[in-house]
Amino acid sequence: MGVLRVGVLGAGVVGVTTATELQAEFPTASITIIANKFNEDTTSEIAAGIFRPSPSFAGPTTEITSQWIRDSYNYYDALRRSEQASRAGVSQVSGYILSSVDPSLVQNHFLERTVPLYRRTTEEELKLCPGNWKYGSYFTTLVTECTKFLPWSLERFKQTGGKVVQKTVTKLQDLEHSFDIVMNCTGLGAKHLCSDDKMVPIRGQVIKVYAPWMKTFFYAENDTYVIPRSDGVILGGCRHYDSSDISLSPHDRAAIKERCFKLIPSLQKARVLQEHAGLRPHRSVVRVEPEVLGKLKVVHNYGHGGYGVTAAPGTSKHALKLVQQLHLSTYGHSKL
Ligand SMILES: Cc1cc2nc3c(=O)[nH]c(=O)nc-3n(C[C@H](O)[C@H](O)[C@H](O)COP(=O)(O)OP(=O)(O)OC[C@H]3O[C@@H](n4cnc5c(N)ncnc54)[C@H](O)[C@@H]3O)c2cc1C
């Protein structure tokens, strides 16, 4: 019996966290990342990267989803506290979520149980931004800049003996001779690869501006957000369900600017650095489960929608447990 061979299909935030966690858990295994896109070509690089699961974000059960969120937060927070924090692109940020219509919009049961601070705003704080804000919360969370996190993780993976192959895979079974187990972290690619009709692209667009005076994040209605990072401030956003168009829309650009400038008027003088559009790989229930396809064992880990940066380390940890179960049921401890 030789060395355990694991293929990680996908090099977005889900693939790279799965691969680096696999290395830590199975140090003797041979691990290869296979992907057709890396770093700036992935959806992950477009993400604002704030740790903020929607209350509607769902795994198979509430208990499992809560565990994913806790595990993810602990993973990023440990990185933030380490000397690698700035190279890995992880930092702490605090800010507001505001609503003029619905108090439930400023509540978040995942965050309230996870982050170090989550409290209701004071009356004075509700007057910080123009508008008739009635409800608000202030909280402290994390931001992970995938522009740094992906290349840093890939480098760490290679230095620890991991292999990286650039290739398009059209059928999972094509990998059965090369690997004992394949981790399917293909995001929206899984829609075709697994004929998964539950996968839906949700189009988003963001503008990165130079506004170094912004130190606090703001969320408001209509998917409006302003998120300060080390490389600029991300202004968003929009959510177009079942839209696959990744060209930049002048209408979305105008709408994002209008909403963000109304919320924070000083942003009108900010210089535009970059603009991006991308497709969130949405699935009503994120798929983290094993499947046996002929001779190939697969562990799926995809469908994180608008919360892949937030949840990737947690779902990857879950996927690793499934690898252990699949593997032990076949080989016992012999290849571990
Ligand atoms: C505008 C916008 C803002 C966002 N903001 C946030 C945020 O603030 N916080 C947050 O948590 N999330 C955010 N997200 C969501 C986040 O970007 C995604 O959930 C996350 O990137 C999904 O990661 P992934 O690794 O599954 O997919 P991807 O990053 O798309 O990676 C998929 C990988 O699989 C590979 N692949 C796919 N199919 C194949 C194939 N057939 N053969 C070979 N390789 C294949 C691709 O090449 C790629 O390497 C945002 C998304 C958008 C669009």
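Including glycine, each Cβ sits where the backbone N, Cα and C put it.
Database features (TrEMBL):
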BINDING   Thr43, Ser44, Val169, Thr186, Gly305, Gly306, Tyr307, Gly308, Val309, Thr310  FAD binding site
BINDING   Tyr225, Arg280, Gly306  D-dopa binding site
DOMAIN    6-319  domain 'FAD dependent oxidoreductase'
SIGNAL    1-19  signal peptide
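Positions of the features from TrEMBL, shown on the structure.
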residue	record	Cβ contacts under 8 Å, 6 or more apart
Thr43	FAD binding site	Gly12, Gly187, Leu188, Gly278, Leu279, Arg280, Pro281, Gly308
Val169	FAD binding site	Leu9, Ile34, Asn36, Leu175, Leu193
Tyr225	D-dopa binding site	Ala48, Ile50, Phe217, Phe218, Tyr219, Ile234, Leu235, Gly236, Gly237, Cys260
Gly305	FAD binding site	Phe57, Ile202, Arg280, Pro281, His282, Arg283, Val286
Gly306	D-dopa binding site	Ser54, Ile202, Gly204, Arg239, Arg280, His282
Tyr307	FAD binding site	Arg52, Pro53, Ser54, Phe57
Val309	FAD binding site	Val13, Ser44, Ala47, Gly49, Ile50, Phe51, Thr144, Cys146
Check: same-chain CB within 8 A of D-dopa site center, minus Tyr225, Arg280, Gly306: Ala47, Ala48, Ile202, Gly204, Asp223, Gly236, Gly237, Arg239, Gly305, Tyr307
Structural state of Thr43 (FAD binding site), classified by DSSP into three states: coil
DSSP state at Gly305 (FAD binding site), helix/strand/coil: helix
Cβ neighbour count (within 10 Å, all chains shown) around Arg280 (D-dopa binding site): 23
Most distant Cα pair in Å, residues Tyr225, Arg280, Gly306 binding D-dopa: 16
